[in-house]
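Visitor: Sharing the record's features from TrEMBL:
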| type | residues | note |
| --- | --- | --- |
| DOMAIN | A:94-210 | domain 'Cytochrome oxidase subunit II copper A binding' |
| DOMAIN | A:217-309 | domain 'Cytochrome c' |
| TRANSMEM | A:20-46 | transmembrane segment |
| TRANSMEM | A:58-82 | transmembrane segment |
């Protein structure tokens, strides 16, 4: 699900990732140029004529090549790099959208924030943003150090317990962008993926308005099962009595593109498989297997969750 | 070429067990596309699927050796037409089964069935 090109870092989709990619190409070009100079010097030292060897070994060559060249080039690079990436730490517009993302073992808690910084909508493992607008992420952790990384939208930034780091992201156009925890955080760290979905701004506003509207939950059987089988102890579904906060918020789970933190496609089948035995899929994750559910109950729960749009 | 390679085990064993192999022949389906559809639909969330390293779900039965299996879900004869229908919409094919309907087109379901028959030899 979170696959895609391993060269995503060279395929930026927004300004924050773009400047980092530009800097990376400049560094690669410099590496190639310096390597060429070193190889040339090596060739002269081994095979060159006596006159060239003498020049290469002289004091002047050391002053120019060993001190002057690095000082000039590295200073220029420092100035260029800081100028190029200045916007990464520049203050965001006051009205910029803010989202708090909290690293958990091994998933992501997502809270959309109002202008005063209070959460008004909870979600997990996926982030919806408007295309063409900067979004400020507040990155935190509830347990160990994680690292937030959506290579096509931004650089990576650690989520450190007890700290709040901020990271701007922006997608220039609509699209789906894969992310991945980039700091080893134990057990199923490699299966801790993330998905960012960028929408046209109008479509984004419509989606958020629809999500904020009151949501009737007509499926009484699913709702009962969700409570009686214990799901509600860890998972919240807004508009119902299910209010557990230990695991991912499932209010909108049916509209997600992925399950298990960006790792499985999301459909009724994978929902049933995850509920039945998520340990076989993501060993070590904190959800226990529910192998005692009857076929009918498992079907009903999967259908109930699939309808939580 | 892919089709030939994928069907090679089927051809090699054709002499040993002609009746089931004949019956499982699916000329219009492509096992290679079938495997892609299996990954896309996430069949591995519930099943161990031959040739798929991850995920190897345990909620449903393993599909290793499916070609030699007598019945689908213990109830239906293991025939291509029934397997295609079951893979796509299990509850409609066999009411009461745990497996839900999967987001597959009819063509994809045929490819998935072909993959299970071509790869699922013991």
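Quick reminder: no glycine exception, Cβ is built from N, Cα and C everywhere.
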Visitor: Is the transmembrane segment (A:58-82) packed against any residues at least 6 beyond its ends, judged by a Cβ distance under 8 Å, and which are they?
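Guide: Same-chain residues near the transmembrane segment (A:58-82) but 6 or more away: 23, 26-27, 30, 37, 41.
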Visitor: For a three-state summary based on DSSP, what are the helix, strand and coil counts in the domain 'Cytochrome oxidase subunit II copper A binding' (A:94-210)?
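Guide: Helix, strand, coil within the domain 'Cytochrome oxidase subunit II copper A binding' (A:94-210): 15 helix, 58 strand, 44 coil.
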Visitor: Just to confirm my parser: what is the rounded mean pLDDT across the domain 'Cytochrome oxidase subunit II copper A binding' (A:94-210)?
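Guide: Here the mean pLDDT over the domain 'Cytochrome oxidase subunit II copper A binding' (A:94-210) amounts to 96.
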